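Undergrad: Sharing the record's features from TrEMBL:
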- 320-405: domain 'PROP1-like PPR' (DOMAIN)
- 172-206: repeat 'PPR' (REPEAT)
- 207-237: repeat 'PPR' (REPEAT)
- 304-338: repeat 'PPR' (REPEAT)
């Protein structure tokens, strides 16, 4: 009889779509004098906890007498505190209450608890929870084990995660995927791929984890190759994979393949996914198809800051600074709060259009009006803005007054200022900047090369030779530039100074012919 009532109340609770309906069900339980029975309250609590009415669930749980709570209720609240309330500390506190009241734990208790430790980035508490996992005998449960692997990987203790993985008596696809994702998130694509190839069984999440690993490492060619392998095996991609592939297409300039993925997403009715739509906006923009990007952007029903940022950056990238600022104003008018990325985009747009007053005004309004504190990349944008407009002295003054000198900057700041000195042949500022960088111990290759060029192009051969000798002595190497083109749906990458391409001679002959006919 109890099971019948339980199923009935569970079905009834799942049909509650509003707070009013939840309250009606709650009143019914109270009238029937079932409030002291955990099986009666548990379905109501679960539905309320994972809807828009978490505060009501919290109220229900808080007013229940300790003797009227059970394991399911505690597990529900631990997970809800983490996922709905975004309060990992409350999740941990709920677990401690569970222990104090001698409520039995089970394998569903620990995964959200471990994820709470990840959210807190607390190694000590995480290890204590791990100790409880061992104490209660759940260290071989696949979901608990995968959560522990994720925890240690998040702390960059991937060796510990691997010990847990190797020690598992049985490894299902969840555990394998967790270990692959752990390697991927720590940048170890080689070990991630080795495990991926050894997997006895893969699901779409496994493919997604491996492709995400390559994407984080900016190995977009491997992303595309893996996507092809996945299609050959007949695996249907999910939204996450499509976002990763579209991002790879954007970085590779693989427009044809990007259009194909877009068509596939439309065919699967996935184009309304906001993350996917934003990735498409970015891809079309980076491939120079602004109208296509705008078409996708306008079709997004509820535009978040990420979608606006992608479109603002896209039109700026393609040289339409006025449109970029217009979109920014529309974003504000729609009530969407701009982010740090938004201001990088609009400041960059002003830089390329040499719109100095507009850029400086936006920088001043960042914090005062929009509550976004400037970061190093924003300072670098302003320095680049002033520098490209030939206002090198003003850029130097900005560094001294706003950033407390070059010591408060980074390579982007130094590079923007030195590059401006080179372009405008401003030896005085360039010399001062170089000496300050030398005094604070900046020794990267980029600043050395820029300074060498300033001295060489302004006729200071002795100084230029001294820096060139320094570059050779230390063995500095500048990362070679590269170009990427798409031909017949194949992406080819060419590195400066690389002669390994199998058609190198034919390419060189064609280039020589083109240059001769110009």
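Backbone N, Cα and C define each Cβ position, glycine as well.
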Undergrad: For the repeat 'PPR' (207-237), give the DSSP counts of helix residues, strand residues and coil residues.
TA: 23 helix, 0 strand, 8 coil
Undergrad: Mind checking how the repeat 'PPR' (172-206) divides into helix, strand and coil residues in DSSP?
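TA: The counts are 26 helix, 0 strand, 9 coil.
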Undergrad: Using DSSP, break the repeat 'PPR' (304-338) down into helix, strand and coil residues and give each count.
TA: 26 helix, 0 strand, 9 coil
Undergrad: Quick test of the contact rule: Cβ under 8 Å, at least six residues beyond the ends. What residues does that give for the repeat 'PPR' (207-237)?
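TA: Sequence-remote neighbours of the repeat 'PPR' (207-237) are 177, 180-181, 183-185, 187, 189, 192-193, 196, 244-245, 247-249, 251-252, 254, 257, 264, 491, 493.
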Undergrad: What mean pLDDT does the predicted model reach across the repeat 'PPR' (172-206)?
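TA: For the repeat 'PPR' (172-206), the model's average pLDDT rounds to 96.
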